[in-house]
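*Asks:* The following block contains the structure, expressed as structure tokens.
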Amino acid sequence: MGNFNSTSQESFILVGFSDWPQLQVFLFVIILMFYSLTIFGNTTIIALARLDLRLHKPMYFFLSHLSFLDLCYTTSTVPQLLINLQGLDRTISYGGCVAQLYIFLALASTECLILVAMAFDRYAAVCNPLHYTTIMHPLLCRALAISSWIGGLVNSLIQTVLVLAMRLCGHQINHFFCEMPIFLKLACEDTEGTEAKMFVARTIVLVCPAVLILGSYVHIAQAVLKVKSMSGRRKAFGTCGSHLIVVSLFYGSGIYTYLQPVHRYSESKGKFVALFYTIVTPMFNPLIYTLRNKDVKGALWKVLGRGTDSGQ
């Protein structure tokens, strides 16, 4: 049992899913397929948002940020998981583990805040349609995006510094990547004070944005119910439906993992829940927005049509 804060040469062993050897081949194939779809889908969204003039709108500006975040934080964990599942190398240095923790927390925290900006955009579009272009000025959109990134980076820095101050015992991490609850489990000292500080940081990044998003959609629902036209109602609900699906998937799994007390955290269950928000949700985001959004589908067919024309 050593204090890993004392030296950067110490390393951890990522247990991953070696406890379930019968699942490793199956998981490798499924995760590789999901990761490939995540890369393709989110890259497509980013490219379409830049290439098609119809998508040069605030909603797709934030969507491209969301896709970029999904690409990055999935890539921060999945390649190592695939190597782990093959049994090639399950070790990670202390410095590498802390770096992975910081990057993952920063990207996930930024996504929480970007989703709030997307909710505000939908609120402005539905509740103040006549003033929408004035409210969602490009300068405001950039300010919201920059604030989200800064907020995510600062939140991650605070929690990572708290981890660096802890004395850790043991060399095994019962997870497939370096996640915050696992560090708290490894601590060989009282973490009550650290947990309280982290809970405040997580509440600011998880609970507060969730409340703001919920509040915005309550106002959206009230505004939509006042619309007399059924087609108008369908259009408004359809516009916001995809965002609500993304929010439910992301916040549901995140709150389950990060807001429960450490003594109740199950490492075995935590690994499978983490698969959901690190792999499944980022893969579904492009599908949800593509299949439920006429503008994105139109831009995609336009690009594919150009490709076909150029190849003839």
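Glycine is treated like the rest: Cβ placed from N, Cα and C.
Among the features that TrEMBL reports, transmembrane segment is placed at 25-48, 60-79, 99-118, 139-158, 199-225, 237-259, 271-291. Under the heading domain 'G-protein coupled receptors family 1 profile', TrEMBL lists 41-289.
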*Asks:* For the transmembrane segment (60-79), which stretch among 139-158, 199-225, 271-291 has the most Cβ pairs under 8 A?
*Replies:* 271-291
*Asks:* So what's the mean pLDDT when you look at the domain 'G-protein coupled receptors family 1 profile' (41-289)?
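*Replies:* It averages 86.
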*Asks:* Under 8 angstroms, Cβ to Cβ: which one of 25-48, 99-118, 199-225 has the largest number of such pairs with the transmembrane segment (271-291)?
*Replies:* 25-48
*Asks:* Grab the same-chain neighbours of the transmembrane segment (199-225) for me: Cβ-Cβ under 8 Å, and only residues 6 or more beyond its ends, written as numbers and ranges.
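*Replies:* Same-chain contacts beyond the ends: 109, 112-113, 115-116, 119-120, 122-123, 126-127, 151-152, 155, 158-159, 233, 236-237, 240, 244, 247, 251, 254-255, 258-259.
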